[in-house]
Amino acid sequence: MSDYNIFTSESVSEGHPDKLADQISDAVLDAILTDDPHARVACETMVKTGVAIVGGEITTSAWVDLEDLVRGVIKDIDYTSSEVGYDGDTCGVINIIGKQSVDIAQGVDRQKPEDQGAGDQGLMFGYASNETDVLMPAPITFSHRLVQRQAEARKSGLLPWLRPDAKSQVTCRYENGKVVGIDAVVLSTQHDPDVTQADLKEAVMELIVKHTLPAELLHKDTQFHINPTGKFVIGGPVGDCGLTGRKIIVDTYGGMARHGGGAFSGKDPSKVDRSAAYAGRYVAKNIVAAGLAEKCEIQVSYAIGVAQPTSISLNTFGTGKISDDKIIDLVRAHFDLRPYAITNMLDLLHPMYRATAAYGHFGRDPYEMTVGGKTFTAFPWEKTDRAAALKDAAGI
């Protein structure tokens, strides 16, 4: 993690078909959690020309107008006409949702809530680095910001000829573990057919790329590739089939940290694929914020139906102020990583998840949300509220 001289990460916009699918799945989850916080949800979505298929396993007392919900998400992203390539008003919505298996439920549900078992076996990772202000790797942070700016320029009318689908990629150069330059930038954006490539490239360079990336990291040899294949009129679900869970590296650390393989979107907090990955980020970020290390990666693993993690391991890549073994002892003392405890620690039983489904689950600022008369914190795993206690306990 600390040995690369050059590292590249990518991101995609909210209009990318895989991200559209993620947002639909998480919108379904949010709608259910609003009325039934203890629902079991595993919602998968596929989007393709003229159709959205929603499936999975859901056990809940809540009722959701699925068709209206799906159409609303599609239209919010501005897929509103066949000219753009996808129309939330006219596309077909197919519902193939079933209930959670009783075999899985018996492994999760317990008489004592704190004994709640993990919803599946698996391994999850959390990571943090002090190379950016949000304690995230720079390449993925810059990549997210580019496509966020693309959406902002499109929605505000600054660049009205932009369309929803876009991808970004940023290559950073490192010296002694610190970012010293950006060597390459790729930004491909869907657009209306009547804009010229010359106008598009000039506007995107000035109003998106230069507006977003730190000027001090751009240099005379930085490569810029804006719509390198030429026109990009056909996009979204017409150009590519979109599926929930296909952008797990975009969702996390851009490849800078390991990934256990489990996707996030459409899953309620009883699924440790999601909740334990969030807890891992929370732990790693507080360790770095406390100054215990410059970089930290934590792995946690579970067995289905078992509350206690089967393992907790940690690596600070030689940047720790104390030994990794001592940091693990602090983690065990300050963080309860049983599934039910994670849900309580991070207050996860709220409809906050659609907001996570584009532009990364990590490196986002926590903020207050109010839904259904209840106020809660979105992105609570980004808080650094345990850093002071960790620092005191470490004696540094």
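Don't overthink the numbers, they just go from 1 along the chain as shown.
Glycine residues also receive a Cβ, built from the backbone N, Cα and C atoms like all the rest.
Note that the coordinates shown come from a computational prediction; the quantities given were computed from them, not determined experimentally.
Quick look at what Swiss-Prot annotates:
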type: BINDING; residues: His16, Asp165, Ala166, Lys167, Lys231, Phe232, Asp240, Arg246, Lys247, Ala263, Lys267; note: ATP binding site
type: BINDING; residues: Asp18; note: Mg(2+) binding site
type: BINDING; residues: Glu44; note: K(+) binding site
type: BINDING; residues: Glu57, Gln100, Asp240, Lys271; note: L-methionine binding site
type: REGION; residues: 100-110; note: region 'Flexible loop'
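Positions of the features from Swiss-Prot, shown on the structure.
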residue : record                    : contacts (Cβ under 8 Å, 6+ apart)
His16   : ATP binding site          : Asp165, Ala166, Lys167, Gly236, Gly242, Lys247
Asp18   : Mg(2+) binding site       : Val12, Asp240, Gly242, Leu243, Thr244, Arg246, Lys247
Glu44   : K(+) binding site         : Ala21, Ser25, Val54, Gly55, Gly56, Leu243, Thr244, Gly245, Gly266
Lys231  : ATP binding site          : His191, Pro193, Gln197
Lys267  : ATP binding site          : Leu29, Val41, Ala42, Cys43, Asp273, Arg274
Lys271  : L-methionine binding site : Ala42, Gly119, Asp120, Gly262
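Look at Glu44 (K(+) binding site): DSSP puts it in a strand. Following the DSSP three-state reduction, the secondary structure of Glu57 (L-methionine binding site) is strand. Averaged over the region 'Flexible loop' (100-110), the predicted model reaches a pLDDT of 57.
Secondary structure at Lys267 (ATP binding site), taken from DSSP and collapsed to helix, strand or coil, is strand.
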